[in-house]
2 protein chains.
Amino acid sequence: MDFVTVLGFAAALLTTFSFLPQMIKTWQSKSAKDVSFIMLIFFNTGIFLWLIYGIILQQLPVIFANATTLVFNMIILWLKIKYK
Amino acid sequence: MDFVTVLGFAAALLTTFSFLPQMIKTWQSKSAKDVSFIMLIFFNTGIFLWLIYGIILQQLPVIFANATTLVFNMIILWLKIKYK
(Lines of atoms letter the chains of each structure in order from A and count residues from 1; the text may use other names and numbers.)
(Lines give C-alpha, C1' and ligand atoms only; values in the text may rest on other atoms or scores of the structure.)
Protein backbone atom coordinates (compact mmCIF):
# COMPACT_ATOMS: atom_id res chain seq x y z
CA MET A 1 0.00 0.00 0.00
CA ASP A 2 1.52 3.37 -1.00
CA PHE A 3 2.05 6.35 1.33
CA VAL A 4 -0.93 8.37 0.11
CA THR A 5 -3.32 5.42 0.64
CA VAL A 6 -2.01 4.91 4.20
CA LEU A 7 -2.44 8.67 4.78
CA GLY A 8 -6.00 8.45 3.41
CA PHE A 9 -6.88 5.54 5.71
CA ALA A 10 -5.45 7.39 8.74
CA ALA A 11 -7.58 10.41 7.78
CA ALA A 12 -10.59 8.12 7.24
CA LEU A 13 -10.25 6.47 10.67
CA LEU A 14 -9.97 9.84 12.45
CA THR A 15 -12.90 11.57 10.74
CA THR A 16 -15.16 8.48 10.65
CA PHE A 17 -14.84 7.57 14.32
CA SER A 18 -15.39 11.20 15.35
CA PHE A 19 -19.07 10.48 14.60
CA LEU A 20 -19.29 7.48 16.95
CA PRO A 21 -19.71 9.58 20.17
CA GLN A 22 -22.62 11.52 18.58
CA MET A 23 -24.31 8.29 17.49
CA ILE A 24 -23.88 6.67 20.94
CA LYS A 25 -25.07 9.86 22.68
CA THR A 26 -28.21 10.03 20.51
CA TRP A 27 -28.84 6.31 21.05
CA GLN A 28 -28.54 6.58 24.85
CA SER A 29 -30.38 9.88 25.36
CA LYS A 30 -33.10 8.89 22.85
CA SER A 31 -33.05 12.54 21.81
CA ALA A 32 -31.52 14.48 18.94
CA LYS A 33 -33.45 17.74 19.23
CA ASP A 34 -30.19 19.76 19.18
CA VAL A 35 -29.16 18.14 15.90
CA SER A 36 -30.61 19.97 12.90
CA PHE A 37 -32.79 17.83 10.58
CA ILE A 38 -31.86 19.94 7.52
CA MET A 39 -28.17 19.58 8.41
CA LEU A 40 -28.51 15.78 8.61
CA ILE A 41 -30.26 15.63 5.19
CA PHE A 42 -27.58 17.86 3.60
CA PHE A 43 -24.77 15.93 5.26
CA ASN A 44 -26.08 12.46 4.32
CA THR A 45 -26.65 13.59 0.71
CA GLY A 46 -23.12 15.04 0.58
CA ILE A 47 -21.55 11.89 2.05
CA PHE A 48 -23.48 9.79 -0.50
CA LEU A 49 -22.04 11.95 -3.33
CA TRP A 50 -18.50 11.58 -1.85
CA LEU A 51 -19.05 7.80 -1.85
CA ILE A 52 -19.95 7.87 -5.59
CA TYR A 53 -16.90 10.16 -6.17
CA GLY A 54 -14.63 7.64 -4.42
CA ILE A 55 -16.12 4.70 -6.35
CA ILE A 56 -15.64 6.45 -9.74
CA LEU A 57 -12.01 7.39 -8.89
CA GLN A 58 -11.46 3.96 -7.24
CA GLN A 59 -9.98 5.50 -4.10
CA LEU A 60 -10.31 2.99 -1.28
CA PRO A 61 -9.83 5.44 1.66
CA VAL A 62 -12.56 7.75 0.27
CA ILE A 63 -14.93 4.78 -0.25
CA PHE A 64 -14.22 3.34 3.23
CA ALA A 65 -14.56 6.70 5.03
CA ASN A 66 -17.81 7.72 3.36
CA ALA A 67 -19.50 4.31 3.46
CA THR A 68 -18.90 4.10 7.23
CA THR A 69 -19.83 7.74 7.90
CA LEU A 70 -23.02 7.30 5.83
CA VAL A 71 -24.06 4.29 7.97
CA PHE A 72 -23.41 6.21 11.24
CA ASN A 73 -25.29 9.30 10.06
CA MET A 74 -28.22 7.34 8.61
CA ILE A 75 -28.58 5.76 12.08
CA ILE A 76 -28.52 9.25 13.68
CA LEU A 77 -31.16 10.43 11.16
CA TRP A 78 -33.29 7.32 11.86
CA LEU A 79 -33.01 7.91 15.64
CA LYS A 80 -33.97 11.57 15.17
CA ILE A 81 -37.13 10.60 13.22
CA LYS A 82 -37.94 7.75 15.66
CA TYR A 83 -37.61 9.89 18.83
CA LYS A 84 -38.99 13.21 17.54
CA MET B 1 -14.60 20.62 -15.65
CA ASP B 2 -15.32 16.89 -15.89
CA PHE B 3 -18.32 15.09 -14.33
CA VAL B 4 -16.44 13.61 -11.38
CA THR B 5 -15.02 17.03 -10.39
CA VAL B 6 -18.51 18.60 -10.53
CA LEU B 7 -19.79 15.67 -8.43
CA GLY B 8 -16.94 16.24 -5.97
CA PHE B 9 -17.73 19.96 -5.67
CA ALA B 10 -21.44 19.21 -5.09
CA ALA B 11 -20.43 16.75 -2.36
CA ALA B 12 -17.98 19.32 -0.93
CA LEU B 13 -20.62 22.08 -0.76
CA LEU B 14 -23.15 19.79 0.98
CA THR B 15 -20.81 18.34 3.61
CA THR B 16 -18.87 21.59 4.23
CA PHE B 17 -21.90 23.83 4.80
CA SER B 18 -23.46 21.24 7.11
CA PHE B 19 -20.94 22.50 9.68
CA LEU B 20 -22.04 26.14 9.42
CA PRO B 21 -25.12 25.75 11.72
CA GLN B 22 -22.94 24.17 14.44
CA MET B 23 -20.40 26.99 14.19
CA ILE B 24 -23.10 29.70 14.31
CA LYS B 25 -24.87 27.95 17.21
CA THR B 26 -21.63 27.72 19.22
CA TRP B 27 -20.83 31.37 18.40
CA GLN B 28 -24.27 32.59 19.52
CA SER B 29 -24.70 30.41 22.61
CA LYS B 30 -21.06 30.99 23.68
CA SER B 31 -21.13 27.35 24.79
CA ALA B 32 -19.93 24.08 23.33
CA LYS B 33 -20.12 21.87 26.41
CA ASP B 34 -22.13 19.25 24.50
CA VAL B 35 -19.41 19.01 21.85
CA SER B 36 -16.67 16.56 22.82
CA PHE B 37 -13.15 18.03 23.01
CA ILE B 38 -11.54 14.68 22.07
CA MET B 39 -13.92 14.41 19.11
CA LEU B 40 -12.90 17.89 17.89
CA ILE B 41 -9.18 17.07 18.17
CA PHE B 42 -9.64 13.75 16.28
CA PHE B 43 -11.84 15.42 13.65
CA ASN B 44 -9.51 18.38 13.03
CA THR B 45 -6.50 16.06 12.77
CA GLY B 46 -8.39 13.82 10.34
CA ILE B 47 -9.53 16.76 8.19
CA PHE B 48 -5.92 18.04 8.11
CA LEU B 49 -4.75 14.61 6.85
CA TRP B 50 -7.55 14.62 4.18
CA LEU B 51 -6.29 18.06 3.08
CA ILE B 52 -2.73 16.68 2.64
CA TYR B 53 -4.24 13.65 0.80
CA GLY B 54 -6.12 15.98 -1.58
CA ILE B 55 -3.03 18.14 -2.18
CA ILE B 56 -0.82 15.09 -2.97
CA LEU B 57 -3.46 13.67 -5.38
CA GLN B 58 -4.21 17.19 -6.72
CA GLN B 59 -7.96 16.77 -6.30
CA LEU B 60 -9.55 20.21 -6.12
CA PRO B 61 -12.90 19.16 -4.54
CA VAL B 62 -11.07 17.29 -1.74
CA ILE B 63 -8.75 20.28 -1.12
CA PHE B 64 -11.66 22.79 -1.15
CA ALA B 65 -13.91 20.69 1.13
CA ASN B 66 -11.26 19.95 3.73
CA ALA B 67 -9.67 23.41 3.81
CA THR B 68 -13.10 24.99 4.46
CA THR B 69 -14.19 22.32 6.97
CA LEU B 70 -10.86 22.70 8.79
CA VAL B 71 -11.39 26.48 9.17
CA PHE B 72 -14.97 25.98 10.49
CA ASN B 73 -13.91 23.30 12.98
CA MET B 74 -10.81 25.17 14.16
CA ILE B 75 -13.19 28.08 14.96
CA ILE B 76 -15.49 25.67 16.87
CA LEU B 77 -12.45 24.31 18.76
CA TRP B 78 -11.24 27.86 19.52
CA LEU B 79 -14.72 28.85 20.79
CA LYS B 80 -14.84 25.72 22.96
CA ILE B 81 -11.48 26.58 24.58
CA LYS B 82 -12.42 30.28 24.90
CA TYR B 83 -15.82 29.65 26.55
CA LYS B 84 -14.97 26.60 28.69
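Placed from the backbone N, Cα and C atoms, the Cβ positions cover glycine too.
If you look up TrEMBL, you'll see B:6-24 (among others) marked as transmembrane segment.
For B:36-56 (among others), the entry in TrEMBL reads transmembrane segment. Tertiary neighbourhood of the transmembrane segment (B:36-56): same-chain residues 62-63, 65-67, 69-70, 73-74, 76-77, 80, selected by CB-CB distance under 8 Å and a gap of 6+ residues from either end.
Beyond its flanks by at least six residues, the transmembrane segment (B:62-79) meets 8-9, 11-12, 15-16, 19-20, 22-23, 26-27, 30, 32, 35, 40-41, 43-44, 47-48, 50-51, 53-55 of its own chain at Cβ-Cβ distances under 8 Å. The transmembrane segment annotation in TrEMBL covers B:62-79 (among others).
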